[in-house]
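Annotation source TrEMBL lists active site, proton donor at 563. Sequence annotations record features per position, and here TrEMBL assigns active site, proton acceptor to 606. According to TrEMBL, the FAD binding site annotation covers 270. Feature annotation from TrEMBL assigns domain 'Glucose-methanol-choline oxidoreductase N-terminal' to 309-323. The feature signal peptide is assigned by TrEMBL to 1-29.
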């Protein structure tokens, strides 16, 4: 039976009758394994990680009936309604996530950040906010400029289309909410995109503020075709009929789960890639509750594919002897390949928090969901009709703006991106001893400077209903790193050292200041006056630039939006890259990385849609159908 275990304020009065009516399909019973007893003696492909990329690649490779595939996932299948009902995505599921703390962040007053990572079949797509947003043309063209042919916008756009499908909202909903969209950028893929059949009423004045006061009309194409500048309706990955979450598990794995050549081992994790003569020959696998007992080695006849994400993929590589030799020697790990880029180049979207209250809110507003009576009425409506507040995880309107949109001094500020007298002083220590990492970083800054100077989007603003306007710095210049802290392979007991590196580059500080000021202008716009917004944090007493920056360092900047990328970058080895354009790890035959750690630069997007596209292209490359050199 489905369960509901949200915060007490949200389960007050929920009846057993309501819950019994919530029929959620259980996991498909195909090749699901919870121990080693029924596994094959070997597999053609062994995939570490059953999140988004692991499931996409695994299911695509298993389309060939003569190819055997094993996916290893530390979590299990989740069939609870807390993850299925869109609104409940706003409630954190700690049992389905890793909580990875950072080291003290030296540019954020030595605060400790925390990164939430999916720990379930489907990974982050089972617990995320379900936003379907794509990178811009400049994002993907930049990957080519950094040495990865075959990954430009025109090429990756094919895979955005292949992986996705858009469902047009009803004429009634279009008339009611003013939805604008284009189906041109979509295909007939497993990732659905549509709009909820409900929006909070305060979205109307919020949209009026963009259109009438700030001068940004709503785009007609939904930001799906490579040009992101402006304001547009952003899709959500929900089933358009049942109005429930569609994860990589639901979209990719479940339809393929009965294939006899596709196995998934849940409740286990890959701790190490086994190599022989610089060739990956298999993996060491452990039960989820152990790092010392129950280990077995599973041979891979063709390839090992790492899809454990931007934190755990570099951990596996480093424990396998693939990484900076100075780090590996410190922990007495035998060096198989000295590859300094493993764990470097960490990037995430940086969020700048300003909190508001509304003294005259609309009577129907998001805060009402903390009221038990309102919440249960919304749940009952969802059960009866699949309508109402439960169908909406987060706001569907997204604004993505350029530096020139926020300041007349954009040319001078963009020029400062590469004008660093001592870049090593703002980078993780590993860069000091590895010149190729510094050269790669300089190459990235040059590409980013060109993008920003030529009007690429770099700021994201979304209406947060009860909280006001949230904003994020989506093209950061700062870099962090991920490194093992011990030889313990367990993702929790052997947690890595994670340095977000946030707010290190002076450009990021000035850009965040601009976003902060823009948010204040927006929140005082004429259209929002009817709600009477009041800035609570940091408060209007904080006005001077130096005071705002101090508060950002002390509390306002959140170093992560749960979009970690970059730690096994697809760049030339001489620039600190880890994989080539076919996602092959340098110097190791039969080993690839397919997850967000290969992104050389973070895209202007919530990362699930770009990762679906990358994983689809990766599957074609592995099957010999892709372009790449």
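Note: Cβ is positioned from N, Cα and C throughout, glycine not excepted.
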Inside 10 Å of the Cβ of residue 563 (active site, proton donor), count up the other Cβ atoms and send me the figure.
25
For the domain 'Glucose-methanol-choline oxidoreductase N-terminal' (309-323), what are the same-chain contacts with Cβ under 8 Å, counting residues 6+ beyond its ends?
48-49, 51, 98, 100, 115, 117, 123-124, 270-275, 333-340, 342-343, 346, 482-484, 487, 489, 491, 494, 496, 498, 564-568, 578, 585, 587-588, 591, 593, 595-597
May I ask which residues of the same chain, at least 6 positions away in sequence, place their Cβ under 8 angstroms from the Cβ of the residue listed as 'FAD binding site'?
46, 48, 49, 72, 283, 284, 285, 306, 308, 316
Where the residue listed as 'active site, proton acceptor' and residue 563 (active site, proton donor) are concerned, what is their Cα separation in Å, rounded?
7
For the domain 'Glucose-methanol-choline oxidoreductase N-terminal' (309-323), DSSP counts of helix, strand and coil?
11 helix, 2 strand, 2 coil
